[in-house]
Structure formats: C-alpha cells, structure tokens
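Visitor: Before I ask anything, here is the structure I am working with.
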Amino acid sequence: MTVRSGNMATSGKAPDSSVRRRRVGSRKTETNSVLSDKEDEADTSRDSKKQKQLLSLQSGTYWLTRIVLLRSVAFIYFVAFSVAYNQNKQLIGEHGLMPCKNYLNSVKRYVGGKIGMAALAYTPSLLWFMDWSDMDANLDGIAVVGMVLSGFVLVTGMANMIIMITLWVLYHSLVNVGQLWYSFGWESQLLETGFLAIFLCPVWTLSQVPHRCPPSLVCIWTFRWLIVRIMLGAGLIKIRGDKCWRDLTCMDYHYETQPVPNPMSYYMHRSPWWFHRFETLSNHFIELIVPFFTFLGRRMCMVNGVLQILFQVVLIVSGNLSFLNWLTIVPSLACFDDASLGFLFRSGAGAKKTVLEIQNEDAAGRTLKPNKGMLIRRVVNISLGVLIGFLSVPVVMNLLSSRQVMNTSFDPLRIVNTYGAFGSITKERTEVIFQGTLSLDPKDPEAVWEEYQFLCKPGDLYQRPCLISPYHYRLDWLMWFAAFQTYEQSEWVIHIAGRLLSNDSTVLSLLDHNPFHGRDPPRWVRGEHFRYKFSQPGSASAAQGKWWLRKRIGPYFPAVDLEGLRGYFQSRNWPHPHIPTQRS
C-alpha cells in the first residue's frame, strides 16, 4: 500500500511537471515564432523600401532637368527664328525699312574700311562672311537653319555643344544687325540663356542621358543665378522708377497701356482697386524677396521655381509680351532636380528608366570612373563658373546703384546682362494711326481719309485685342514707342509713310489692312494721334462691339506725298519709292 501509494504519489506529480515543461516549451516556441515573424516583417519592410528606392528617382541629380531645360531653350529659339524668317526681309532685308547691308557698310567705314577683327568685334555676325548680293537669302538661310536645329532639339530632347553653339551664333548674327528692331531686352536674355545651355551638353554625343556627361551643378547654378538677376533687376528698377510702384497704383493702368494688350487685358483692367493693390504687392514680393529663396536649400529653391513660373504664366495670360515671359520660365526650371521633374516623363521607359539605372548604380558604388574627357569637362565647368562670376561684377554693381539701368550688356557677346521691365508705366494710351486719301488736296474738308490697320496693335475700335504670345510683331511693338515720341525721334515712321504712298508690298505685308488694296495708291498719307481707352464691359459701346474708345489729340505728322518726301529720303540715304503714274 505504501509503495503503491508512493508510486501513485510519484506518478501523480510526474504528469504535472511534464505538462509544465511542455507549456514552457510551447511558450518559448511561440515567442521565437513571433520574433521570427517580426524579423521577417522588418526584412520585408527593408526590402520594400529598397525596392521603392530602386523604382523612384532620388534628389540631387539633374539628368531630367537638363532635358527639360534644353527643350525649353529650343522652343524659344524656334519661335525667335520663326519671327525672324517672317519679318526680317521687311525690316532689315534688301528692301527693308532699315537694311542690314547699309548698317554693315557703316560699321565697315567706322572701323577703317576693312572686314577684319575690328568689324567682327564691333558687330559679331556671320553676315560679314556671306555674299551681300542677296541679303534676303542670307537672312532667310540663317532663320531656316535655326528653325531646323531648334526643332530637332525640341522634338528629340537631344543636343550637343555643336548644335547649341550653332544656334547661339546664328541668333547673334541676327541680333547684332537687327538695329532698332532687335533692341529689346529679351534678345540679350535669349543669348545669355542660349550660351549657358551650351555647357549642359556633351561635345559630340546625341543622347538624352549621355552617361559620360553628367549635368554640371555649376551649370545648373548659372541658370539659377540668371533668374535671380532677372527678377531683382525687374523689381529694383520698379521701386527706383515710377512712383506708382511705390504707392501701389501701377496696375490701375498697366493692362490698358501695355505695348500690345490681349483679350484678357480688357477684363483684368476692370478689376477692383483692392485687387490691383494686391497684384502690385505680389509683384514686389516675387521680384524682390522670392529670388533669395534660391539660396535656402532644395525645398525653398523649388518654392522659388514654382512661384516664378506661376508669375510668368499670369503675365502670359494677361498680355502679349513677346516670348519674354516664356523665356523667363526657362532658368526657373533649374530650381528643380530629377526627383521633382520625374512626373513629366513616362515611367519604366526612356530617359526616366535610364536615370533610375544610373542612380541605382551610384547607390551600389558602381559609379563610372572619370575618364580624361570627364576631367576636362570639370575644368570647363569650373571655368564657366569663374567667367560668369567675373562678368557678373558690373551687373551686380548696376543692381546696387541708385542710377540703375535696365536691359544693358557689359560685354560684346552679351554673356551676362542686366535686365528689367516697366520701370515706368504710361498712364494714358496713345496710338499713331496712318491714314491715306486719294484727294488732290489734303486740306480739302471733303477729303476722305481711310485708315491702315496693323496686325495686332490697337486701331479699329471694333477689332478685338489679339492673342499671339510667344510670337510677336516687331513693327507693332515699335509703334507703341513711337506713339509717345515725336516723328522726328522715330524717323522710320516717315519711311513707312513713303512706302505706303507707293503701295509697297514689302511694308504692306507687315500690316493687316490696306484700304487701297486693288486700287490706286493714296496721293497723301498722314499720321493722326489718338488717345485710346478700353470700353466699359456692359456699356452701350461694348454692346455695339467696341473694344476701344478713342479721342483725337491732333496730327502726329502732317500729310505728305512722294514728291514732297524726295529730299527727306535723299538726306537719309533711303531709296525713294517709285512714283506711280499720274492719274487723271
């Protein structure tokens, strides 16, 4: 019994102990299993993060930025060469208003009568080396080559130094002989932007992502420095210029009095006063404060880029300022890296895929070892930075000066320039209207005077303001300047009058309406000076279809005829227009 009971006691305890051991063991197994699961989850999380990194672009590289910059510069070049192709013959061609051949001859005489380094330094242009017997063909040839090359870069996103240098030299060749017609600030701005774009590219290779030519951070910063100077120049010239920028009233006038308004200008002009004050304050903030965001790290630099682009879009929508605002967007794009511009490119293919592969190789430590060409490229990039820094000294001094000038070049190649726009705002809009008559006596009260209409500038009260940006008409733009000068200050206005008296097809191709088309040329042409104002939306005038209202100020230049202009033309070495056969 005792033994049995002892055995029973022993056997009674044994199961409890084994159960405890089994429970402890199972708890350990469960704990190990949970830990193992957590480790697996951590590994999976790390793998997924790695996978995401492999599939998403990283910040700090500019391969895609380069493609966007090159295409943007090419687009502006294409527009500029298109304008040149369609208008140069009439403006600076053989029978143009200011023939470039005459200008080149005057430069040649000024430098001693020889075409050499002195002439080339004074007026850098390929036209010196071309056959002057057909200057129209030369001008067209330059424009066509420019359109073809820029069109190629725009479509493919590929460029090399040879192409970009060629585009820069071709446009230089036109700007430097364009005289008054190419005297606008955006010409120098395009040349500076085009010069910087040269250093984005490999020398020979044509590839969107050339592995052996990574985008230089120095070059990216030259673009950023350009947008900083453009905006500070524009902002400072306003503050130092017209008082209305300081009392916040300039936008009360701008939309109506700007060079070439568009349909949106008509409505924006009638915005409430508080909105115009807000616009002016916003203008000062974006031009004088926001540019400094460029130097405050990646995110703030991108904020600067976004605000500058939005600002330019507003200006594009509200007026026809040529390709100026489109061009100003270009350096703003350098504020963004590949990670921020990746959404513009198709995933899993093309340039974006190639950039991902390059970034993954760099992350894995398989970066290409720099060869001799890459080392030379680094020296070139550093030299570019030094050059831009050196040429920026007079520009910065100009920005700091109380006598700041805008749209000025300090070197003959226009590599680094000073910019600015609307330092003063005209408070009233005036227009010069050309009129012609078939009457024998221009003083006859019964004489019927018929008006010529330009392609875009205000004239006909019923003609809706045009919408042409980024394209533009150079003659229309210059007529805006002529309206608040005298004809003695703008002698080319009289040149136009002489051409109209002979129904000259060259000049008439720059106009929209010739009232004497298919008829005898006018016997007399005069210039009338009018004050123009937008009609009030919803008013009786607007209901009649009038976009404009006008009031005559007086004569701009008196009635002239061809015979009376003979001496005037001869004194200025202008070819006298053909005198039509006398009419009965």
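Cβ from N, Cα, C; glycine included.
Sharing the feature lines straight out of TrEMBL:
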COMPBIAS  1-10  compositional bias 'Polar residues'
DOMAIN    182-341  domain 'Lipase maturation factor 1/2 N-terminal'
DOMAIN    415-558  domain 'Lipase maturation factor 1/2 C-terminal'
REGION    1-50  region 'Disordered'
TRANSMEM  63-85  transmembrane segment
TRANSMEM  111-130  transmembrane segment
TRANSMEM  142-170  transmembrane segment
TRANSMEM  190-209  transmembrane segment
TRANSMEM  215-237  transmembrane segment
TRANSMEM  301-317  transmembrane segment
TRANSMEM  379-400  transmembrane segment
Visitor: Taking residues 6+ outside the transmembrane segment (142-170), which of them lie with a CB under 8 Å of any CB in it?
Guide: 67, 70-71, 73-75, 77-78, 80-82, 84-85, 88, 126-127, 191, 194-195, 197-208, 351
Visitor: In terms of Cβ proximity under 8 Å, which residues at least six beyond the ends of the transmembrane segment (111-130) contact it?
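Guide: For the transmembrane segment (111-130), the far contacts come to 100, 103-104, 138, 142, 169-170, 172-174, 176-177, 412-413.
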Visitor: Excluding the flanking five residues on each side, which residues at least 6 beyond the ends of the transmembrane segment (63-85) place their CB within less than 8 Å of a CB in that stretch?
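Guide: Sequence-remote neighbours of the transmembrane segment (63-85) are 57, 139-140, 142-144, 146-147, 149-154, 157-159, 164, 167, 170-171, 174, 190, 193-194, 197, 200-201, 208-209, 214-215, 220, 223, 323, 326-327, 329-330, 333-334, 336-338, 341-342, 344-345, 351-352, 354-355, 358, 470-472, 474.
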Visitor: Tally of helix, strand and coil residues over the domain 'Lipase maturation factor 1/2 C-terminal' (415-558) according to DSSP?
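Guide: Taking each residue of the domain 'Lipase maturation factor 1/2 C-terminal' (415-558) in turn, the totals are 28 helix, 40 strand, 76 coil.
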Visitor: Could you tell me the mean pLDDT over the domain 'Lipase maturation factor 1/2 N-terminal' (182-341), as a whole number?
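Guide: Computed over the domain 'Lipase maturation factor 1/2 N-terminal' (182-341), the mean pLDDT is 96 on the 0 to 100 scale.
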